[in-house]
């Protein structure tokens, strides 16, 4: 074969030409952008195509047609060589500080749709790509001025694949919908463009949008491509020095295969590389063959027999082609729209998906639906071209890389007498989630002349993703159904046969649930084949008068609606104004600098953790598999490399304890750091760490303690700190003696939750002169990190400088748990005397993170017949993991939030268990989230025992102020500030709530297989005030620099501090404080500049930082006031700049520092809120849709309503994830196995409430608080338990309908629902066998036993 020198990869990035020669073929586009260009907008959030942080727009030009095609793509999966001669546009390319911001960026900013900002550039590009696609659609009418051709529904779906952990998505959705021509602008939420309620919403007030403003494919690249066409056509096969091969025909591909330099282990065949997001490469390949350039693989042929799709046709293109077809094709297209996410579908290929399904245990939706549609495949093996049915292809032994899938043919079925349906059950309705089970059914029917019933002539039943190697056809069921008319007895027998055919393999999760899903799907399909509508209603459970019939809508397609009610105050302006977040535009453009965006210093090295996979074992040795990656290792840092005088410490906190940095000599939990691989690039470090071979020994070691039960049995506990230990209330025994009824030893379990900050743990350590070191670090604890790093490497604190500018999300996970990264970088940097950077891959981050505390609770409660509770006792078991972290303090908030109700008398026994798992940490609302849920579980249980309305029991047991003071002491504050009862009554006692509750009852009476529930919960949250420093410095030009102890995590701290600074100095300005806002800059946290910075956490850092700044401003005003008065006497009005110039000349100190400490009589206060949620569950699948949530939250006098609203919504949605969907699963050794976006599902835009209403109330002023404000960061998370409680109500309705009496209570209405209530949990509580039992009852009730289904 003729070999030619490789041509360099040429591409345009934001209009600028880049050329890359000799680049490693495994280099991704994201890696190239971040290391070879100034671009920093695309971020590495997951490396799996599952988060959207890396989304870019790729534009391809066809010189033959002179057309440019554009699509969004996940740059973390896209290989650099695959975008040769393409143009790439990032968030910086559509708008930036220099050239001005794009309307997408401006609207995201103005709708308050960015908090930490790490996800925002990817959001921008997903929206921008959707706009480009819609505006190029020729078949759509021109939109009104200022709008695009997008519809509201399309605008929401544009970001369906993008994750955001901060905002709760509602403001992002509003920004998206602002571009839609069919939107009612009055429905959009709080923004900076018009004042809601006071000014009319008008598109002219929005940043103007015109399609085509951004050039996505530069002319210079078009010219180069045109000039190279002839040369390319006559050139030999491009065989490159860098290992990237682009055959232009199948013959060329086979010549490559026949070359002696190719073997199975060294070559990877790629079309889009999206498969690497599913099956992460354990090593690097040295040769890649890109088959996308083979024209035959891109064919799309359509005739009267069907549609042929080439194997490298993208899923998005397939959707486009199939959407313009018959019923079967359109149904396939609709299902494909729920596979992956838009930016993955744009590049992922139909053939690649099917080949993965054939080779690997891949849960493919595409294989299942194409199997049901009777598809065939054409493959080529060597010179042989073969055609198989898809079923035959899937059943063959896994094909090797030399077997080439050429095309897939989907036959034309027509529409007459053909019924085709597809099904999937997944945690997210719009895709970006693997199915628990998928299925597709095709039936051809005819009319039976004698009975006039529909007769099944032929049928295909395909099932996939249920735990088998590949999708299958249920042949026995098909054979049984052929020739039959559908009746309840026929369906019942088909279901029984199916249960014998669907057999999840050993080790599959939720096997009984998966079988039940398959039954549900078959039942639903066969029911639709019933001839009589009335008889069909017996199965579907609907009737013409039901709300379900009246609202014949797919609730997952409803545009998200919202309402915000906010009271604004001008008492302290600009404090109290809803100004947009500081720095939000540069977050949207991608110019905001996070730690990994700092350019790599000269000679920088990169690290990756090697972690234990054993929960308790001696580490005997570390070796590496022979591989390309292991050849790149420079060294491995372990405990022996800690400098003399240093200590093996990864974190430490006063009075609590510490955790080792390295396992030495025993690994005490699966996921513990054993060593750090150091390599020349981050990719090589990642890959080498995966190649580590650890030799373990368990000789002379006890078995690991992994569960709360294990710890209690072996008495393995941490001691609760006495000064934070919760205190009992009253006399429990006396309270129980007064009770009319008792519930004894009931149990509830709560599992863990992962933080899922969008920015993984990251640090950059740079050694400096005189044994000093500077660490750029993403942390909530700069000061503590400084202290721990110094202790670890054995140097004075003043030799360690920790700098934190902004953090891409924290939620408690960037507190103690993050310090290991900084310490590891410091040890390596000082040993090697070179900068060392670590950026954890998402899997390692998730395995080491620990997360929220799992708990097991046993409770006994006594209560009166009227529902008044007289006594409660808890046995509380808390899994703290291997080291203390914050666990010794966790019992206090658990009991504290539980105290929202007046239990009469409260006693408890808490055990914080020490176990061989990663230490658990403080995650947003730590302990409080669990405690508030426990309280609701008990209230629900009492209500069930009394057959009483749950809200009546809640209201009966809410505190009056006197009992509140008994339970909370000084934290209760003044009676005038107790707003909980008012808020609860506002929701639960309103006529609207009563009407909605009646509608829910009506819906449930009318619908058998869908049930609704509604619930209202109160919350109380105690926060602690902590000392905080602040410093305000006025420059000679009048600009102002502010430093505070708190760190900007996305919570709006900088924004509130800016407002407080302007307020504090405003009395010196003619225009008041508002005129100073643009002059204030809050600068990064720096431990050598601002000492005693403390902790950014606990929800109060913003307000305490503001108060420290206000006190600094008071000092400055005192200094400047005499000068101002003197100038006013001479000249009248004094401008700010003149005042500062004069003060500088007079040598006035223009910098003031304050260290605010709380009043000893007021160190804590209570926050209150109430939330109502209405949900709908699918009894057949366990899926839950949140129809509506109404939140009322007491924000005091809000320092910034836009910021506080964002905190309320974001916390609530994070809580929804905790209570419903986030399953942080581990294996039998305690090693996290839900370790990426593929398996761990946080909420997305399609899982938030369809109607999302928030009211911020301003409670009575309290001058003890900072300008009467209140915290908003954590308390609202507790309101998400309203969703869990509403789900319980819906499940109760289903259990009553089907007489399901599972659980210890053996009751339909009394049952325990643990956290999280995932789809399998919901379905199991509704009854895994409800379909069979229902069919049995219908069959038995039918006189002829052949009732039509």
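Any Cβ shown, glycine's included, is placed from N, Cα and C.
Counting only same-chain residues six or more apart in sequence, the Cβ atoms lying under 8 angstroms from the Cβ of residue 54 ([2Fe-2S] cluster binding site) belong to 30, 42, 43, 44, 45, 74, 75, 76, 122. What Swiss-Prot lists as [2Fe-2S] cluster binding site is 46, 51, 54.
Marked as domain '2Fe-2S ferredoxin-type' by Swiss-Prot on the basis of sequence analysis: 7-94.
Sequence annotations record features per position, and here Swiss-Prot assigns domain 'FAD-binding PCMH-type' to 237-415.
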Beyond the listed site residues 46, 51, 54, identify every same-chain residue whose Cβ lies within 8 Å of the center of their Cβ atoms for the [2Fe-2S] cluster site.
43, 44, 45, 47, 48, 49, 50, 52, 53, 74, 76, 122, 163, 842, 1237
Using a 10 Å cut-off on Cβ-Cβ distances across all protein chains shown, tell me which of the binding-site residues (46, 51) has the largest neighbour count.
51
For residue 54 ([2Fe-2S] cluster binding site): DSSP state (helix, strand, coil):
coil
What mean pLDDT does the predicted model reach across the domain 'FAD-binding PCMH-type' (237-415)?
92
